[in-house]
Amino acid sequence: MATIMFGSIAAEIPVIKEAIMIAMPKSKHTLHVVQVEAKHMATEIRSERGKLYVAKRFADNAIKAYDSQLKAFDELLKKNSDLQKRLFIGQNSPIKQKKGGACFVRSLSFKQAEERHAKYLKLQEEEHQFLSGAYGDKAYVGSVQGTLDRKVAEKVSFKSPYYKRTCKAVRQVKVLKKAVGSGKVLDQVLEIVAETGVPVTFVGKGANKTLRAQYVRRYGLVIPKIFLCHESGRKVHREMSYWHHKETLQYLCKHGKYGALNENALCKGDSGLLFDQRTAFVKRVTYLPHFIVRGRQEGQLVCATEYLDNVYTIEHYTHKPEEQFFKGWKQVFDKMAPHTFEHDCTIDYNNEQCGELAATICQTLFPVRKLSCNKCRHRIKDLSWEEFKQFILAHLGCCAKLWEEQKNLPGLEKIHSFVVQATSENMIFETSMEIVRLTQNYTSTHMLQIQDINKALMKGSSATQEDLKKASEQLLAMTRWWKNHMTLTNEDALKTFRNKRSSKALINPSLLCDNQLDRNGNFVWGERGRHSKRFFENFFEEVVPSEGYKKYVIRNNPNGFRKLAIDSLIVPMDLARARIALQGESIKREDLTLACVSKQDGNFVYPCCCVTQDDGRPFYSELKSPTKRHLVVGTSGDPKYIDLPATDSDRMYIAKEGYCYLNIFLAMLVNVNEDEAKDFTKMVRDVVVPKLGTWPSMMDVATAVYIMTVFHPETRSAELPRILVDHASQTMHVIDSFGSLSVGYHVLKAGTVNQLIQFASNDLEGEMKHYRVGGDAEQRMRCERALISSIFKPKKMMQILENDPYTLVLGLVSPTVLIHMFRMKHFEKGVELWINKDQSVVKIFLLLEHLTRKIAMNDVLLEQLEMISQQAGRLHEIICDCPKNIHSYRAVKDFLEVKMEAALTNKELANNGFFDINESLGHVSEKNLCKSLREGMARAKLVGKIFCNMAIEKVLKGYGRAFDKESCRRQKRIFKKICECVLHECPNTPRKCTYYNFK
């Protein structure tokens, strides 16, 4: 059998039956060929390297295919310009980080991306040139791109940007409250009581279980004291039960401070003292652990817890009667002490004198024989009020001699007077009985009121508050009745005054003529609209809706403001908000007074009065809704809306502040003939408005309207815009198309130009014709400033004397102002100017001149001010008879009225001993006015000195030609004499002249 060797291992090979002979070329032997089976062959194991190679080739082919696809995709994308543009922007956009740590790409515009890319390329080029050594050894303009600091040994942390330290959890330790027993609380309370000495009460269950105690300092010790029954006058066999209060007594003794004490030392006043066995004598006198002092019986100490048969044999150790009395008196006396402390009290009287004073007051108000007697007290209690007063009066009469002795004590006389006055009766019965006789058997209301007042007066000091209240009410009712029936004033006329608004609208023919209306029924302005530009361009300002309406809401005037409803042009579509827009803002509503009416020849001029309701109350204005481009006219009935001239159809106009009265002239333009519209508008612009200016009075406006109606009579029937009257600021508001958000004003009755002209009459009596847009206080201050600034300006003062002479009356604010006006001879010029015009105005100047002469003779400011106050009444009487159509009439009249009332009030204050604060205010005001005068004088002197220097220079120039220039002494004397005559001063050197040099 054949074998095969595998190393050292031999493997047999079986012989195959069918042998195949194989001839070898060089071998003579015949070889047997055997058949090799599969089981004899080794298993084929493929190489791992080949597997990897196959996988690698597959992957390479896949990557090549993917790259080829990407390359083809890139070629396709490069052809898309929009996508390349977005890619370019994304490559050059910066990366930002949010607060939370998240990153995002901030997208740029294409232009910004190009700039950023160009900057990047430039930096790359500079870096390449720098690395290649292209830069030479010299300075270059630029900035360092990196940090110059060298970092040395520094700590490197491995914390990521997202690291956040976890806070250590706070361990909550639950604190358990310690339970405190009642014994601990009681110890703390008693510790405080022992320190302060305040009394403490132990409340027990049942009768006689309450215990009152207090810590007292006796014999240098702190000992608890129990309040016993016999201290209040009640004597019992056993004062208290020991076994009921044993625990309480232990706590009381626990906080007491005991020491060595002899039992014989105990005496009166020691009743209720509590001792325990720490005190030596306790064991000898009682078998109990505690001893409460009650008193002594046959020389032996008695405990309050012991039962005794005969309580009357015990000597109780209560306080002495005088000590008890003083203790009670002291407690109430300190509680009723006055609460005001104006000084530190001292001991100026001994105890005996103090006792006499206390007894005197006590027996005066509460006369008894013994204060401790219950019958004496009940006797006073049972007396009626009248009997008690009689009893007090009788007692005072019996003790009159003693009162005479005690009157020397300070303050006691006032007490005596008070008691006598409080108990005295009204002894003057004759007058009271006469009143009763006259009013007897009369049942009218006024007679009954007089009887009630008489009854209260008859009672005198015994009248109660109810009696006085009833008498005061009856007196008030009588006063009102008398006021309503007075005939000395015209106040009663207002009770029946009615000025109702007409229910029918006025008819304006110009608005009804078909020739002046278009096919829509609107008024056609024609030439009037073209010429109306003279109004809108000069005295109106354009309202730009795009800028909002807020700045036009507040309509200011010198003494207040009014709110327009222009903001309501923005209409909300919400129904609730739209209803809110219909509500106005009310001002303080004024009642009907004499200021609301105007009279002529004693009769009411109704168009010049305020409108009233049916019951006589004033008619208050309501919300006036705004419109965009209209002229609103008509004071009665529904308003009429006239379109503004259509020259600028898309523009809105509002009158400038101070020129709202131009709406009246614009309404008159409706009735002006077209061929006369140019003359009308030019006359208003060039003549009327310069005369009226801003904030004119209603009287001036009516006069200007009258002048225009003379040239254009057809305007008399023109309807007026609604005019609201503000009595608080003495202002009249002419309402335009923007309405009024402020409500509560009075309404003027005048509806046409013809009715408005009545305000121009001098015979018209009433305040409203002097109303203007502006207040009295502001107007007065303006007049004062104008007066002070004009004292040293003759031309300006002449204008004031001609146009507004009442302004000089305001010089009463300061004696210095009056003296300067007197020295400048302004009063004399006023007399010369008005002597042929109005004698009543001349009286004012003469009185002011006479007053100034008296003031100049006195140097004391307070006396000068008193002289001025005394003449205020006389000036007020004169000015009431003067013409009332002058600008400052109202302000000056009110100023004089204030002066008069202040003088009367100060007189009453001085009579009653009060201090007048206006004295110090007068000094301050005088200083301020003198400062203003000095400033004005300095300006005037400067101008005067310039002219004087020019004159002196000319004189010296002439003297220089006549005399030798070398004679300096003579020239100096000449210069000095001229300065004395012209400048009222004597200079040492002629420094004011620069023409000649005298050095």
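Counting begins at 1 with the first residue displayed.
For all residues, glycine too, the Cβ spot is worked out from N, Cα and C.
Swiss-Prot lists motif 'Involved in interaction with stylet and aphid transmission' for one of the ranges 202-205, 326-329, 370-373, 718-721, namely 370-373. The separation of SER271 (active site, for P1 proteinase activity) from HIS733 (active site, for helper component proteinase activity), Cα to Cα, is 91 Å.
Other Cβ atoms within 10 Å of the Cβ of HIS733 (active site, for helper component proteinase activity), summed over all protein chains shown, number 23. Every protein chain considered, the tally of other Cβ atoms within 10 Å of the Cβ of SER271 (active site, for P1 proteinase activity) stands at 22.
The local packing around HIS230 (active site, for P1 proteinase activity), expressed as other Cβ atoms within 10 Å of its Cβ over all shown chains, amounts to 19. Look at the Cβ of each of the active-site residues GLU239, CYS660 and count the other Cβ atoms within 10 Å; the largest number goes with GLU239.
The Cα of SER271 (active site, for P1 proteinase activity) lies closest to that of HIS230, out of the active-site residues HIS230, GLU239, CYS660. In the domain 'Peptidase S30' (176-317), helix, strand and coil residues by DSSP number 38 helix, 34 strand, 70 coil. Looking at the domain 'Peptidase C6' (652-774) alone, the prediction's average pLDDT is 87. A coil conformation is recorded for CYS660 (active site, for helper component proteinase activity) in the three-state DSSP classification, outside any helix or strand. In this structure the C-alpha atoms belonging to CYS660 (active site, for helper component proteinase activity) and HIS230 (active site, for P1 proteinase activity) are separated by 95 Å. In this structure, the CA atom of HIS230 (active site, for P1 proteinase activity) is 8 Å away from the CA atom of GLU239 (active site, for P1 proteinase activity).
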